[in-house]
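Q: Can you read through this structure? Questions will come right after.
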Amino acid sequence: MLQDPDSDQPLNSLDVKPLRKPRIPMETFRKVGIPIIIALLSLASIIIVVVLIKVILDKYYFLCGQPLHFIPRKQLCDGELDCPLGEDEEHCVKSFPEGPAVAVRLSKDRSTLQVLDSATGNWFSACFDNFTEALAETACRQMGYSSKPTFRAVEIGPDQDLDVVEITENSQELRMRNSSGPCLSGSLVSLHCLACGKSLKTPRVVGVEEASVDSWPWQVSIQYDKQHVCGGSILDPHWVLTAAHCFRKHTDVFNWKVRAGSDKLGSFPSLAVAKIIIIEFNPMYPKDNDIALMKLQFPLTFSGTVRPICLPFFDEELTPATPLWIIGWGFTKQNGGKMSDILLQASVQVIDSTRCNADDAYQGEVTEKMMCAGIPEGGVDTCQGDSGGPLMYQSDQWHVVGIVSWGYGCGGPSTPGVYTKVSAYLNWIYNVWKAEL
C-alpha cells in the first residue's frame, strides 16, 4: 500500500481529523449579502409604491388614449366628451326607448301563444296545426330569447275569446296564414322560451325569516366597489333585472359587479357587467320607469343555486290579497338598523291600488305602472338595500311581478312598499333583448 512521503500520518491511522466547512467571512457578507438585501428591499418598496399609485389612479382617475392622459373619474359618464376619442362616455348606463309593440306574446292561460295582425291591430291565438320547432324558435327570438324553446298542444278552452288561426313565418316574424281555415286539431300552442321559475326548496309561510338560496336561486347582489347596493333577479344566462334608481349615483359600468349563487353577502364570486340599460326618463311621472337590465360580460352557468325566474304573462292581473314573496339583504329596521348579512324572506300580499293612493297613504302617486304590496297591519316590508329585488308570485312557476322601487318609510300600515309592475314593461324588455341578440 502506498503512502504519501510528505505525510506524517499513516494512511491506516484512526486518528483522522474531520474536514470542516469553510466559514463565510464577515467581509464577504458585508460586500455581497448586505447589498443584495438592500436591493431586494428597494425593489419591494418600488413594487409597493407602484401598486399604491395604480390603486389611487384607478380609484380617482381614468386613462384616456391617443393621447395618453388622465382625467378625474368624476368626469366619467357626465354627458361630455372629456377624452378625445370619447372613451369616458362609452361604458355608461344607457337609456333605451320603449320601441314598437312586439308582435307575439304569451298568455297566463297555460302560456299560450298569441300573434298580432299588424294590419288590423288585432290579436289571434296560435293554432297547433302545422306548428313547428322553427316557428317556436322564431316566436321566442321575437321576444329576445336565445335559448331552445319547448312547446306542446293544449285544448282550446270554453272561455277562448280570440280567434284561432294557423301561423306561418315571413321575414323572421310570425304571421297569420292567409288561407287559414278552422283549427282542425282543436288545440292551441303552449310555448315556453326558457326553463325558469323552479327552485329546489319551497319557502314556509311565516313572517320575516332567514332565506336559503335553494328557495330563491335567481336572487343576486348588485355591488359597486364591492359594496352591496341593490338586489336583482336572473332572467336568463345573460340578463339581470333590477331598478333604475340603483344607478343614479354611479353611472359608469366599470365598478358594478353582480354576485349570484349564495344567500350570504360577500361569500360568492363577482361577475363582470357589460352593459346597464334603463328606460327613458319621463318628467311627467318621475317615479315611473324604475326598471333596468344588466347584461353580464359572460353568460351564467345554471345550477341548483343559480337559476332564472320567469317574467310575468302580459295579462297577469293579481287581485288584492294575492300572496306574494319578497327577499333581500336590506336594512332590518328603518332607523338604527343595519344591512343583513344573510338573505331574508317574507310573505306579503297585493294591496289594492285605490287603498294605496288614499289620502292617508300615497295620495295618487302610485301610477298604473306600479303596484303596492305589504300586509294590512304593517310591519313587514322591503327597506333600504332591498331595492331592485323581486316581488314574486307563484303559479306553476315563480314569476317576478314587481321590482322593489320606493315607499315612505319601511313597514308602515298605511304606506306599504311600492313596486315597478313588470308586466307593464314586457314590451321594453323584449325590445332590449332583441337589440342585443
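Even glycines carry a Cβ here, placed using N, Cα and C.
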Q: Tell me, from CYS83, CYS92, CYS310, which cysteine Swiss-Prot puts in a disulphide with CYS196.
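A: It is CYS310, per the disulfide annotation in Swiss-Prot.
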Q: With CYS83 as one half of a disulfide in Swiss-Prot, pick the other half from CYS64, CYS77, CYS92.
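A: According to the record, the bonded cysteine is CYS64.
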Q: So, in Swiss-Prot, which cysteine from CYS372, CYS383 is disulfide-paired with CYS410?
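A: Record-based pairing for CYS410: CYS383.
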Q: For CYS77, what is the disulfide-bonded cysteine listed in Swiss-Prot, choosing from CYS92, CYS127?
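A: Swiss-Prot lists the disulfide between CYS77 and CYS92.
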Q: Per DSSP, what is the helix/strand/coil residue tally across the domain 'LDL-receptor class A' (61-93)?
A: 6 helix, 9 strand, 18 coil
Q: Are there any residues at least 6 positions away along the chain from CYS246 (disulfide bond) with a Cβ closer than 8 Å to its Cβ? List them or say none.
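A: In sequence order, the residues whose Cβ lies under 8 Å from that of CYS246 (disulfide bond) (at least 6 apart) are ILE222, VAL229, CYS230, ALA292, SER387, GLY388.
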Q: By Cβ distance under 8 Å, which residues at least 6 away from the ends of the domain 'LDL-receptor class A' (61-93) in the same chain are close to it?
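A: Residues 247, 251-254, 276-278, 292 contact the domain 'LDL-receptor class A' (61-93) from elsewhere in the chain.
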Q: For the disulfide-bonded residues CYS183, CYS230, CYS410, which Cβ has the most other Cβ atoms within 10 Å, all shown protein chains included?
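A: Highest number of other Cβ atoms within 10 Å: CYS230.
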Q: Is any of the recorded positions CYS83, CYS127, CYS196, HIS245, CYS356, CYS383 within 10 Å of ASP290 (active site, charge relay system) (Cα-Cα), and if so, which, in sequence order?
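A: Of CYS83, CYS127, CYS196, HIS245, CYS356, CYS383, within range: HIS245.
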